[in-house]
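Presented below is the structure to which this report refers.
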Amino acid sequence: MKVSASLVLLLAAAVLADDRCPPQDDPEQPPVLLAHPTDCDKFLICNHGTPVVSKCPPGLLWNDSQKQCDYPAQAQCAPGVTPNTEPAPKPSPNCPPEYDPDHMVYIPHETDCGKYYICDPYGVELEQTCPSGLHWNPVVNYCDFPELAQCEE
């Protein structure tokens with residue numbers, strides 16, 4: 001019974017997240033950033049209408065009004081959710097030093113055509129996985145049919 005209740009909550013969170021991301025057909029349109037429905041130290045990057053979960057650096061929480069990770073006193077997040085205590089990842093040399101939310105940076109995965117990276121606001125590569133059967137297409141910056149993505153593993 002506990003497993004069923006957990007599964008229902010997990011599915012409800014996934015549906016909530018999917019409903020929150022607006023459809024994005026224009027690749028030039030800036031990404032939509034949203035608060036995570038249950039974790040204050042996470043946020044959603046809407047990638048062509050699909051929510052991608054990202055984590056704030058340790059000690060910071062998502063500030064939805066500023067659309068960035070912030071100190072807990074400024075973030076005004078719901079109580080009861082503890083911040084991330086993992087050590088902060090190091091910025092990647094592949095990510096630009098200045099974050100521009102209007103121009104997301106996507107990096108193809110080095111060995112897996114079904115994966116890619118998004119550069120977060122702190123210059124860290126966040127690994128993402130395409131839906132089953134699709135490959136990352138760096139020309140259009142979204143998951144695409146393998147014959148169109150032309151990636152060779």
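Keep in mind that glycine also has a Cβ here, set from the backbone N, Cα and C atoms.
Swiss-Prot annotations:
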SIGNAL    1-17  signal peptide
DOMAIN    18-79  domain 'Chitin-binding type-2 1'
DISULFID  C56-C69  disulfide bond
CARBOHYD  N63  N-linked glycosylation site
DOMAIN    92-153  domain 'Chitin-binding type-2 2'
DISULFID  C130-C143  disulfide bond
Surrounding CB atoms that lie within 10 Å of the CB of C130 (disulfide bond), all protein chains:
21
To the nearest Å, how far is the Cα of C130 (disulfide bond) from the Cα of C56 (disulfide bond)?
22
Cα proximity to C143 (disulfide bond), best match among recorded positions C56, N63, C69:
C56
Can you tell me how far the Cα of N63 (N-linked glycosylation site) sits from the Cα of C69 (disulfide bond), in Å?
6
Sparsest Cβ surroundings (other CB atoms within 10 Å) among the disulfide-bonded residues C56, C143:
C143
Among all the protein chains here, how many other CB atoms are within 10 A of the CB of C69 (disulfide bond)?
24
So, by DSSP, how many helix, strand and coil residues make up the domain 'Chitin-binding type-2 1' (18-79)?
7 helix, 22 strand, 33 coil
Using DSSP reduced to three states, classify C130 (disulfide bond) as helix, strand or coil.
coil
Looking only at the domain 'Chitin-binding type-2 2' (92-153), what are its DSSP counts of helix, strand and coil residues?
4 helix, 19 strand, 39 coil
